[in-house]
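*Asks:* Below you'll find the structure I mean.
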Amino acid sequence: MTNSSKGRHVAVLPFPFSTHAAPILSIIRRLASAAPDVTFSFFSTPQSIQTLFPSENPENNIRPHAISDGVPEGFVFSGKHHEDINLFLAAGKESFEAGMKAAEAETGRRIDCVVSDAFMWFSCELAEEMGVPWVTLWVSGACSLAAHCYTDLIRETVGMHDTAGREDEIVKFVPGFSEVRLGDLPSGVVYGNLESPFSMMLYKMGQVLHKAAAVAINSFDELEPEPVKVLASKLKLLTCGPFNPISPPPSSNLDEYGCIPWLDRRKAASVAYIGFGTVATPPPVELAALAEALEASSTPFLWSLRDNPKQHLPEGFLKRTSELQKIVPWAPQAQVLAHRSVGVFINHCGWNSVVESVEAGVPIIGRPFFGDHQVDAWMVENVWKIGVRVEGAVFTKGITMSALELVLSHDQKQKELREQVGKYKEFALKAFGPKQRSTCNLSTLLEIVAGYNL
């Protein structure tokens, strides 16, 4: 099998859990649109493929390929944390390798480049064995990636087994941070089960990223200048964010639950939009406390809550707040955040949610859970000053009411928050303008991946 300079074959290896695969597909779609002669074979688990490619018709030059999820036939899940992820990781290299060989046979084209989620560190080995470039995509921010790239330094300085009770300690030696709370470093650096498959995956990732032909991250220079500067000295870094650019004008057929008409009837910057993503829902006691705070403060709210709301919310809450609220199983988040009536986004501080809030110019109330949530919350509150973190990272009625009052009341603090997030919104809007860094870096990425020079 041989390939010409055009008609190349690119393998895309996403991490098929949480919200990782969607932003990977988003940037691949942009590359595929600019390089119509290049075939992008997108490998993921059957469930992920079904979610990302609901139509049976292929997307022009992007071809989905299902690979094994690593779950043995007849396996019964025990409910342990990350059990499905651990099974996938154990079989991941072999699963992707088998998928790529099948795609080469199907297309009659050798793979010329491997593009992977940075989590899939073993993609470096696969690319080396194939003799092709390895390009990696980091779907989170530069701040969390910097911590993973300097894990050895952090552990040597603070000690791997001497961190209990030191969560509130402020440290000033981590490259990319003027200072950071020790407990806000990403999971797997000094806190959590450091020997778990997930933590080991992150550690190994940090050890091999320097081998990548490019490390494209979902951020832009103006948002994280110091972490970007540090990473650029260590890696072949390309800031190509936001991976999910600001959406086109709202379309009614994307709003099946009528969120936008409901928002149209509300005052400007008065509504709290609540959305915790797909894997980070607060426990029932916190959901109840959040509901009580919304009711007691008479805050209008739109809540994206997939589960039966009556199952978690206080008795009679839905009836008592019927004039204030709209609770839906799904909301068109980008459209909602862009609406003039939304005054705050209550979320888990996942990177995608943070970036979408920045793009829309909406302040944040954050309740972090795990992963990069804590360091994102640190950046939101202490560096960018575009929101507040729920005190103690636990919703209580009193704490939540205080946060709502701080962000939604028309005082000096609220004005400062909106001015700050508005500043970063302008940076996000300009990121893909002519001759801007993200635009130039995306062209560089396209040249590396597809051999195109725009």
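The backbone N, Cα and C atoms fix where each Cβ goes, and this holds for glycine too.
From Swiss-Prot, for reference:
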ACT_SITE  His20  active site, proton acceptor
ACT_SITE  Asp117  active site, charge relay
BINDING   Ser18, His20, His148, Gly371  anthocyanidin binding site
BINDING   Ala331, Gln333, His348, Trp351, Asn352, Ser353, Glu356, Asp372  UDP-alpha-D-glucose binding site
SIGNAL    1-21  signal peptide
*Asks:* Can you tell me the three-state DSSP label for Ser18 (anthocyanidin binding site)?
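*Replies:* It is coil.
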*Asks:* Can you tell me how far the Cα of Ala331 (UDP-alpha-D-glucose binding site) sits from the Cα of Ser18 (anthocyanidin binding site), in Å?
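*Replies:* Spelling it out, the Cα of Ala331 (UDP-alpha-D-glucose binding site) and the Cα of Ser18 (anthocyanidin binding site) are 17 Å apart.
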*Asks:* Taking Cα atoms as reference points, rank the recorded positions His20, Asp117, Gly371 by distance from Glu356 (UDP-alpha-D-glucose binding site) and give the first.
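*Replies:* Spatially nearest to Glu356 (UDP-alpha-D-glucose binding site) by Cα position is His20.
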*Asks:* Between Ser353 (UDP-alpha-D-glucose binding site) and His20 (active site, proton acceptor), how many Å separate their Cα atoms?
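*Replies:* For Ser353 (UDP-alpha-D-glucose binding site) versus His20 (active site, proton acceptor), the Cα atoms are 12 Å apart.
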*Asks:* Sorry to bug you, but what's the C-alpha spacing from Gly371 (anthocyanidin binding site) to Trp351 (UDP-alpha-D-glucose binding site), rounded to the closest Å?
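*Replies:* Between the Cα atoms of Trp351 (UDP-alpha-D-glucose binding site) and Gly371 (anthocyanidin binding site), the distance comes to 10 Å.
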*Asks:* What whole-number value in Å do you get for the largest C-alpha pair distance within Ala331, Gln333, His348, Trp351, Asn352, Ser353, Glu356, Asp372, the residues recorded as binding UDP-alpha-D-glucose?
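*Replies:* Maximum Cα-Cα distance: 24 Å.
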*Asks:* Let me know how many other Cβ atoms fall within 10 Å of the Cβ of Asn352 (UDP-alpha-D-glucose binding site).
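*Replies:* There are 21 of them.
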